[in-house]
Amino acid sequence: MASFSLTHPLNLKPSTAISTSCFPPSFYQNKSHIPNLRHQRQPASCKGSGEHDQSSVGNVDRRNVLIGLGGLCGGAAVAGLGSNPLALADPVAPPDVTKCGPADFPPGAIPSDCCPPVSTVKDYKLPSVSKLRVRPPAHAVDEEYIAKYSRAIELMKALPDSDPRSFTQQADVHCAYCNGSYDQVGFPNLELQVHTSWLFLPFHRWYLYFYERILGKLIGDPNFALPFWDYDSPPGMQLPALFANVDSPLYDKLREATHQPPTIIDLDFSTADIGVPPSSSQVSTNLCTMYRQMISCGKNPRLFYGEPYREGDDPNPGAGTIETVPHNSVHLWTGDSTQPNFENMGNFYSAARDPIFYSHHSNIDRLWSLVRVYVCDSLDTKKLGYVYQEVEIPWEKSKPKPRRGKSVLAKTSTTAATKKTTTTVNFPIRLDGTISTVVPRPKKSRSKEEKENEEEVLVIEGIEFDENYPVKFDVHVNDDEQSPCGPENSEFAGSFLNVPHWKKGDNTIRTNLRLGITDILEDLGADGDDIVVVTLVPECGAGLITISGIKIKFIS
Ligand code: C2O
């Protein structure tokens with residue numbers, strides 16, 4: 001296991017601790033010098049307005065089916081990117097199961113052997129689909145469904161741990177693929193990681209697929225379909241009741257006590273927000289967050305899926321829009337802040353030990369299938385035998401609004417106002433507190449056609465921090481750095497958010513954040529400006545994050 005090291009990548013001394021609300025108390029017992037600047041946002045000022053189906057053939061090591069994921073995922077992600085020239089690159093190869101090693105667990109974790117029992121790897125062929133399984137929204141399922149699902153989980157939990165279909169081993173699949181059990185084949189120094197890249201969506205789709213099939217098999221119902229936690233829709237914006245019944249096998253005691261139903265979820269959550277009650281406008285703010293992540297920021301497939309992750313690449317090249325938010329934020333919101341590592345949902349080694357994990361991921365998978373209709377027409381879930389029950393998409397029209405009214409924007413060039421007080425930052429810089437910097441725009445006032453062909457992307461490059469921290473910072477464009485706005489306003493361009501997942505050796509993670517800003521700049525009336533003023537607001541982990549640069553690039 002990796003040694004715990006607080007040596008900062010740039011050997012910069014962390015700044016003084018300001019608040020302790022952002023990491024679990026046990027973090028501080030051992031690491032009392034960890035800084036934790038909790039930025040106080042000022043919301044008041046922000047209101048602008050069969051036969052081959054191995055899961056069904058008894059005691060087959062279904063995890064060896066997953067081993068094919070590396071290749072399948074790479075291929076799948078590539079297919080999803082359509083005509084992207086990157087599609088020609090080699091995908092990350094599937095791991096060598098005979099070389100599965102111990103996973104890396106953070107201090108205080110309850111470890112497990114995350115490696116699957118070794119058996120022969122077979123190619124999985126999808127069975128032909130006679131009837132589609134329909135995944136229902138978790139808040140709307142009836143008693144009969146809850147009884148059936150509970151029974152399925154009960155049976156899965158009752159299987160001996162040595163059984164690859166057991167709940168323990170299913171949870172361990174997640175641990176193996178994100179806590180360093182595998183190296184990339186041919187690259188012994190590169191961990192295989194299924195998060196923070198374009199592997200994220202296809203990996204989890206297949207992961208859920210087999211989990212669902214096993215549950216169906218255990219209760220003798222081939223049409224059993226997992227429920228999705230529709231936290232993107234008002235009736236689903238709380239922990240679904242079926243998971244909150246303490247007597248149910250769907251219950252997990254390692255969840256945040258202050259986030260039990262009917263507490264409304266905060267999709268822009270960071271662990272700095274623990275104990276902060278939801279605002280009265282939480283539902284509409286969540287809808288704005290969904291709009292931003294699904295529509296304005298994720299217009300380009302690469303931004304939506306995440307960065308290419310190819311053979312020989314370092315892990316974590318960059319997450320797609322929905323991986324960061326709401327995926328990561330929902331993990332952290334659900335995990336128990338009194339546990340050393342926000343177990344279970346708030347840390348990737350333990351996340352899949354909570355049955356709610358699979359409903360969280362059903363929703364992420366569904367959000368992907370929604371996008372599919374206008375991003376690409378491959379990757380049909382129907383071939384996997386399931387669809388999602390049709391529900392309203394309430395965030396489609398929840399476009400964030402500029403905090404300054406149109407008339408004000410017209411009078412003052414947005415950037416001119418802020419430029420006077422903003423200097424250019426010298427990178428690399430440690431994010432001790434809020435920073436603002438001027439970023440030149442290589443192109444401005446582009447035609448509608450140019451904008452359709454190329455998305456203007458704000459790239460926060462070389463984000464480095466310790467892997468085991470739930471760090472979050474928000475990115476604002478042309479905002480007031482003294483009182484940055486919330487997700488309900490256009491100036492809030494997006495967030496960077498890490499779910500801790502621990503890693504062998506050096507715990508420093510290095511990744512990038514890309515945010516589409518074409519729509520935002522139009523909304524702000526700033527499309528004719530030569531520059532943008534970018535403000536980075538650390539919400540959690542200030543002093544632990546360094547940034548190597550901020551640039552504007554164009555992605556076609
Ligand atoms: Cu593999 Cu929600 O994480």
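Cβ coordinates come from backbone N, Cα and C, glycine included.
Unlike curated entries, TrEMBL annotations are predicted automatically.
Shown in sequence order, Val194, His361, Ile364, Asp365 are the residues of the chain, 6+ apart in sequence, with a C-beta less than 8 angstroms from the C-beta of His204 (Cu cation A binding site). TrEMBL lists His174, His195, His204 with the feature Cu cation A binding site.
Feature annotation from TrEMBL assigns compositional bias 'Basic and acidic residues' to 49-58.
The disulfide bond annotation in TrEMBL covers Cys100-Cys115 (among others). When other Cβ atoms within 10 Å of the Cβ of Cys100 (disulfide bond) are tallied across all protein chains shown, the result is 19.
A coil conformation is recorded for Cys114 (disulfide bond) in the three-state DSSP classification, outside any helix or strand. Per TrEMBL, disulfide bond is recorded for Cys114-Cys175 (among others).
Secondary structure of the domain 'Tyrosinase copper-binding' (195-212), assigned with DSSP and counted as helix (H, G, I), strand (E, B) and coil, comes to 13 helix, 0 strand, 5 coil. TrEMBL lists 195-212 (among others) with the feature domain 'Tyrosinase copper-binding'.
Across all of the domain 'Tyrosinase copper-binding' (354-365), the predicted model scores a mean pLDDT of 97. Among the features that TrEMBL reports, domain 'Tyrosinase copper-binding' is placed at 354-365 (among others).
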The domain 'Tyrosinase copper-binding' (354-365): which same-chain residues, six or more beyond its ends, come within Cβ distance under 8 Å?
135, 138, 153, 171, 174, 201, 204-205, 207-208, 211-212, 226-232, 239-240, 243, 249-252, 254-255, 322-323, 326-327, 330-331, 334, 344-345, 381, 388
Looking at the recorded positions Cys100, Cys115, His195, which ones sit with their CA no more than 10 Å from the CA of Cys175 (disulfide bond)?
Cys115
What are the other residues, in sequence order, whose C-beta lies within 8 angstroms of the center of the C-beta atoms of His174, His195, His204 at the Cu cation A site?
Tyr177, Cys178, Val194, Phe200, Phe203, Tyr207, Phe348, Ala351, Ala352, His361
List every residue in the same chain as Cys114 (disulfide bond), at least 6 positions away in sequence, whose Cβ is under 8 Å from its Cβ.
Cys100, Pro102, Ala103, Asp172, Val173, Cys175, Ala176, Asn179, Ser181, Tyr349
To the nearest whole angstrom, what is the C-alpha distance linking Cys115 (disulfide bond) and His174 (Cu cation A binding site)?
10
Can you name the residues of this chain that are 6 or more positions from His195 (Cu cation A binding site) yet have a C-beta less than 8 Å from its C-beta?
Cys178, Asn316, Ala319, Glu323, Phe348, Val499, His501
